[in-house]
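A.B. asks: Have a look at the structure that comes next, please.
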Amino acid sequence: MQDLIASSIKYQQNTLTVLDQYLLPHQQHWHVCNDVETMKELILTLKIRGAPLIGLGASVLVAHLAEQGMSKAELASAIDELEATRPTAVNLMHCMAQLREALMQPAYVEAVVDTAEQLFFEDIALCDSMAQRGAELVAKGDNILTHCNTGALATAGVGTALGVIYKAQQRHGDLHVWVDETRPLLQGGRLTAFELERWQIPYTLICDNMAASLMAAGKVDKIFVGADRIAANGDFANKVGTYNLAVLAHFHNIPFYVVAPLTTLDTQTACGDDIEIEQRSPAEVRGVSGSFGEAQWAPTNASVYNPAFDVTPAKLVTGWVLDTGVYEYADIEQGVLTQLK
Ligand SMILES: CSC[C@@H](O)[C@@H](O)C(=O)COP(=O)(O)O
């Protein structure tokens with residue numbers, strides 16, 4: 001397999017390494033990942049995360065194992081096991097489905113390697129198209145609010161929603177970003193702040209519960225978020241807290257955009273109610289941990305509700321920024337998403 005280099009995964013000299021996103025920004029630690037168990041652990045603990053990236057990381061590993069001589073049957077079960085790690089982000093299922101098809105080819109090693117490489121390079125191109133299209137929606141001087149982390153760390157390319165912000169800053173400059181810290185795992189506070197700082201884009205970090213008063217004060221012009229799965233009717237799942245923003249944006253009449261590649265579109269799923277939402281460990285809500293240490297403030301047995309994602313209904317979305325174009329609710333009602341896939 002050829003060398004594949006992204007912000008948070010690298011395949012070089014036959015070795016896959018993954019940047020630990022749980023330890024960022026204070027520690028930059030790369031894990032070597034040569035086997036399925038390691039990749040499963042990296043995905044489950046969100047050391048590798050972001051809908052596009054988990055699919056790509058898992059694909060590159062499967063291609064590496066194919067080249068190392070793993071049997072067809074073992075590769076098939078590796079694909080099944082990796083696919084089962086996180087249930088909400090459909091990009092992982094999309095990638096694993098492509099690898100299963102490749103595995104049916106007579107020259108399956110080459111086919112699996114080609115597929116992983118194609119998925120990787122396709123993601124870079126998809127990010128570029130979304131960023132170009134989304135940047136056209138941004139005006140000079142805009143204050144943009146975003147949630148979770150949707151940047152280069154979460155994809156092979158420049159990112160989805162954060163890619164739009166990056167491209168808009170390159171085009172017009174003069175932007176400011178409100179970054180939701182994104183409890184419980186703090187992808188905004190840890191990762192989006194890190195990426196914006198690296199890109200020298202002015203930002204201000206807020207706790208998630210501060211967004212409403214900012215909107216009421218007229219300090220948010222637009223909202224851009226990513227998606228883990230978009231259903232056929234335009235409802236979409238994204239990091240928990242996204243739905244709150246959509247409701248608030250609707251009330252305050254603020255444009256609310258979702259940015260995602262076609263690989264995040266799941267037209268087999270009719271609507272948001274049918275999207276499986278991953279439930280995670282109570283420990284994530286009882287406290288916090290990372291490179292800074294560990295703290296638990298809630299009682300050890302505190303009862304916890306911890307869905308990793310929530311669903312935003314299509315009617316709250318101003319525009320779907322996909323790599324193929326920007327679509328409005330009227331387009332979605334006419335079934336444009338099902339025609340795209
Ligand atoms: C380009 S990333 C799009 C989504 O995957 C992102 O918004 C998100 O919700 C990530 O969740 P995570 O649990 O950190 O993997």
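Cβ atoms are placed via backbone N, Cα and C, with glycine included.
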A.B. asks: If I go by TrEMBL, which of GLN2, GLN132, GLN187, GLN296 binds substrate at the same site as ARG49, GLY50, ALA51, ARG86, ASN238, LYS239?
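C.D. replies: Answer per TrEMBL: GLN187.
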A.B. asks: State the count of C-beta atoms found within 10 angstroms of the C-beta of ARG49 (substrate binding site), not counting that atom itself.
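C.D. replies: ARG49 (substrate binding site): 24 neighbouring Cβ atoms within 10 Å.
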A.B. asks: Between all pairs in ARG49, GLY50, ALA51, ARG86, GLN187, ASN238, LYS239 (listed as substrate binders), what's the biggest Cα distance, rounded to the nearest Å?
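C.D. replies: Largest Cα to Cα distance for the substrate-binding set is 17 Å.
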A.B. asks: Taking DSSP three-state, what's ASN238 (substrate binding site) in: helix, strand or coil?
C.D. replies: strand
A.B. asks: Once near-sequence residues are set aside, which residues in the chain of LYS239 (substrate binding site), 6 or more away, have Cβ atoms under 8 Å from its Cβ?
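C.D. replies: The list for LYS239 (substrate binding site) reads HIS147, CYS148, THR182, GLN187, VAL225, GLY226, ASP228, ALA308, PHE309, ASP310, given in order along the sequence.
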A.B. asks: Does anything in the same chain, at least 6 positions from ALA51 (substrate binding site), have a Cβ under 8 Å from its Cβ, and if so what?
C.D. replies: ALA89, VAL90, ASN91, LEU92, ALA154, GLY226, ALA227, ASP228, ARG229, ALA260, THR264
A.B. asks: Using the CB centroid of ARG49, GLY50, ALA51, ARG86, GLN187, ASN238, LYS239 as the substrate site centre, which other residues of the same chain sit with their CB within 8 A?
C.D. replies: ILE54, ALA89, CYS148, ASN149, THR150, ALA154, GLY226, ASP228, ALA308, PHE309
A.B. asks: Determine, from DSSP, whether ALA51 (substrate binding site) sits in helix, strand or coil.
C.D. replies: helix
